[in-house]
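Novice: The structure under discussion is supplied below as structure tokens; questions concerning it will follow.
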Amino acid sequence: MASVQLQNVTKAWGEVVVSKDINLDIHEGEFVVFVGPSGCGKSTLLRMIAGLETITSGDLFIGEKRMNDTPPAERGVGMVFQSYALYPHLSVAENMSFGLKLAGAKKEVINQRVNQVAEVLQLAHLLDRKPKALSGGQRQRVAIGRTLVAEPSVFLLDEPLSNLDAALRVQMRIEISRLHKRLGRTMIYVTHDQVEAMTLADKIVVLDAGRVAQVGKPLELYHYPADRFVAGFIGSPKMNFLPVKVTATAIDQVQVELPMPNRQQVWLPVESRDVQVGANMSLGIRPEHLLPSDIADVILEGEVQVVEQLGNETQIHIQIPSIRQNLVYRQNDVVLVEEGATFAIGLPPERCHLFREDGTACRRLHKEPGV
């Protein structure tokens, strides 16, 4: 195991900057997930750690050693890619041992490591098979095993589940989580799938256009996003946003006017520092935090546009006439409502988020469980 530290790391191709002044501390044994939309720089960041991309400026440390100029093979890292990249003419055992053979490891060492890793990954009964005789999930486990037998101090995974179907992704996600708990290795995992990030990570790094938008535990990012980008990216369905105007402030409270015909005002328990009366801001509320109208004091009303029945839950898309914008309301169980009907939902102030015009969040003061 080893820690990984990035200090003011920047990557540029000519005048195009793809990673901007990245500062990160990844502790020994942590499972850290880099997440963000396509083009945010997450894979580039992973490749700089692996040594497959040069660092334009800044410093990378693995353990106590500065690694900027160290060749990839000498960094003590192992990498699993989106593509399995298995040799089709070699057996599972031969694929897993290929790197060790090239490194000149003794036969008994190779056999011992391959057998140990095969047991961990439930591949022992498949060691003599060729890749064409394996399922997608089994092939991905072989690719992971090939990296594990080298015993890297840092394990890098670049969207390893992207080629799998939905059921296999869930299965492999569970297996990777178990593998980390069993081995305790430092793992850095890249994905665009925020569900993978939330379920796997000890710590999530959200990237936006080459910069670190926020670093934190999964529930911390979900309940206390640093800005509107993180709020909209973490969570599915994504957070609803409403334009509001500040009408008053007090200690640890901000009053805003909702975009409804009755101009209803509501006090939100958020930090009021630097918030000016009259400012235009965005109120955020997650679909699952909206309430049935009969148990709420603050009511939003609109016309049902779409009803999505998922069996275990219902998602209702409601158009708010005054802003010509849809809100998504999610409720567990079945909700029977017709498209075109008028539908009212409740807005709980303690679950609301408030964002300034520049996108930064006013810190929520409501204490959420698990954070």
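For all residues, glycine too, the Cβ spot is worked out from N, Cα and C.
According to Swiss-Prot:
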- 4-234: domain 'ABC transporter' (DOMAIN)
- GLY36, PRO37, SER38, GLY39, CYS40, GLY41, LYS42, SER43: ATP binding site (BINDING)
Novice: Per-residue pLDDT averaged over the domain 'ABC transporter' (4-234) comes to what?
Specialist: 93
Novice: What three-state secondary structure does DSSP assign to CYS40 (ATP binding site)?
Specialist: coil
Novice: Around the ATP site formed by GLY36, PRO37, SER38, GLY39, CYS40, GLY41, LYS42, SER43, which additional residues qualify by having Cβ within 8 Å of the site's Cβ center?
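Specialist: Everything else in range on the chain: HIS192, LEU207.
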Novice: Long-range same-chain neighbours of LYS42 (ATP binding site), Cβ under 8 Å, sequence gap at least 6?
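Specialist: Listed in sequence order, they are PHE34, VAL35, GLY36, VAL190, HIS192, LEU207.
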Novice: Taking each of the binding-site residues SER38, SER43 in turn and counting other Cβ atoms within 10 Å of its Cβ, which one has the fewest?
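Specialist: So among SER38, SER43, the binding-site residues given, the one with the fewest Cβ atoms within 10 Å is SER38.
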Novice: Return the count of C-beta atoms lying within 10 angstroms of the C-beta of GLY39 (ATP binding site), excluding that atom itself.
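Specialist: Around the Cβ of GLY39 (ATP binding site), 13 other Cβ atoms lie within 10 Å.
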Novice: Taking the Cβ of each of the binding-site residues and counting other Cβ atoms inside 10 Å, which one has the highest number: GLY36, PRO37, GLY41?
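Specialist: The residue with the most neighbouring Cβ atoms within 10 Å is GLY36.
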Novice: I'd like the Cβ neighbour count for CYS40 (ATP binding site), meaning other Cβ atoms within 10 Å of its Cβ, all protein chains included.
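Specialist: For CYS40 (ATP binding site), the 10 Å Cβ neighbour count is 22.
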